[in-house]
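For Gly257, Cys258, Gly259, Lys260, Thr261, Leu262, the entry in Swiss-Prot reads ATP binding site, with the evidence type sequence analysis. The coiled coil annotation in Swiss-Prot covers 20-59. Residues or ranges marked as compositional bias 'Polar residues' by Swiss-Prot: 1-18. Taken from Swiss-Prot, the feature region 'Disordered' covers 1-20.
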Amino acid sequence: MGDMASSTDPAAHNSFSDFNREEMTRLADNVRSLQRTNQDLSARNTKLAEMLKSSRDKLSMMYQQLEDMAQPPSLYGTFLEMSKDGTNAEIFAGGRRMRVAMSPMLCAGDLMPGVQVRLGEGNQILEACDFEQTGDLATLMEMIGRDRALISDRSGEERVVKLAGPLMDRTRKLPRPGDTLLVDRRAGYAFENIPKTEISKLALEEAPDVSYVDIGGLDDQIELIQDAVELPFLHPEMYRSYKLHPPKGVLLYGPPGCGKTLIAKAVANSLSQRIGDAGTSYFINVKGPELLNKYVGETERQIRVIFERARELAGDGRPVIIFFDEMESIFRTRGSGISSDMETTVVPQLLAELDGVEDLSNVIVIGATNREELIDPAILRPGRLDIKIRVQRPNRSGARDIFARYITDAIPLAAPVDELIDTAVDHLFTPRPYVRLTLIDGTVETLNYHDFVSGAMIANIVDRAKKSAIKDHIDGRTTGLSAEHLIHAIDQENQQSEDLPNTSNPDEWTRIIGRQGKRVAEVEVV
């Protein structure tokens, strides 16, 4: 009974329960500690696995780089055509034609005639690249069928080449004779139609912005060129009814700086405005000296290209003006050359082109020169340059008209416009000896400064006066352009011209002053 009493003792029972709770708590703490340890180990394992994978990837990449470095370099060639059985390809590589195999991974549709291909170690085509973008330039003489062309280089050597894929594209126009092609002579392919850079370099095709209002003192010359150039374009039906052929060309000649180039530009601008919605006119401004080329026949070829371009632009009925500035530089009298005498071939080329313009009523040639006696007479005969217009040096009335173009109420003035212009003209045309000419018969003629007045000179005088007015305005002395500024500018212009006359060749003075008469034997600066 005593043992039974002790086993059911409450104190012992409580002690056992406390022990169990403590043990459970300890075990729970151990479990949580083990869980944390497991999580840490799992995270470390994941990180180690990632590092191992990264190391393997880097090792694999390094192995690949080593393999790539150990491979031989790739060769490139030009694809020519597929073999007849369609399993191999004909290529040009290393200066020889070869038949090679193609990689099974290569898409046959990427192989176009003329495309570059990359070759493997066994000369197997691995991939198709782009078309060649560098090479020689040649001029297309004529097309042979649709896929071949006859070309000529600068030396005149001709050969036949095939057209590469881009030139065979049916969505584009085929090259035309006269086009410049990019070619690979060894492969025998033409890859690209190069734009006519020489035309853009030598010519300005858009209509200028110069109008007749901008030209002063040349009313008679403007009327003459309007009658010669604009009437046939504006009233072609009247010319047809009277069976009158429009002139093929106009020659503007006279002393330098008197407005010959301005007149030609104003004609193109006036035509462009008058035809209105019907289109625009084209002004092909040929820079004469830049046509000269050391290669035989190159100057003639460029002249042909210019006229071909003019015919192309005139095909839709729009007026086209071909303007040759400094015409004497390239169309001198045949037989006058002292070196290669290139005029013997250049002049006939222009004559042939002028005669070829006969059926193109909307193309006209305008030439400008201050040495008209040097131009070959065959160019100046009727039927070629039909109209000859002399652009004289301005007289008092013309000079006043030119001054009025530059001195207007739109700029700050210290006096009325008319007063300033009258003062400038009076001072400019005041007799002041410049040079003394002794003619071949012994007579003596004294030329004054006003004998050398030109439109360009008047424009320069006004610019000088405006600069002086600006300086005085900044210094607070005067406001606006004054008569003193103009007088001082005229004196400066005359003073700076004193050291410029050339007295070594007296014959030149007959041309400089723009007069016809006896030869000059001696020149003396006064």
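Using the three backbone atoms N, Cα and C, a Cβ is placed for every residue, glycine included.
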Rounded mean pLDDT for the residues that make up the coiled coil (20-59): 86
Beyond the site residues Gly257, Cys258, Gly259, Lys260, Thr261, Leu262: chain residues whose C-beta lies within 8 Å of the centroid, for ATP: Leu252, Gly254, Pro256, Ile263, Ala368, Val391, Ser454, Gly455, Ala456
Three-state secondary structure, which DSSP defines for Cys258 (ATP binding site): coil
Binding-site residues listed as Cys258, Leu262, least Cβ neighbours within 10 Å: Leu262
Local Cβ density at Thr261 (ATP binding site) - other Cβ atoms counted within 10 Å: 19
Lowest local Cβ density (other Cβ within 10 Å) among binding-site residues: Gly257, Gly259, Lys260: Gly257
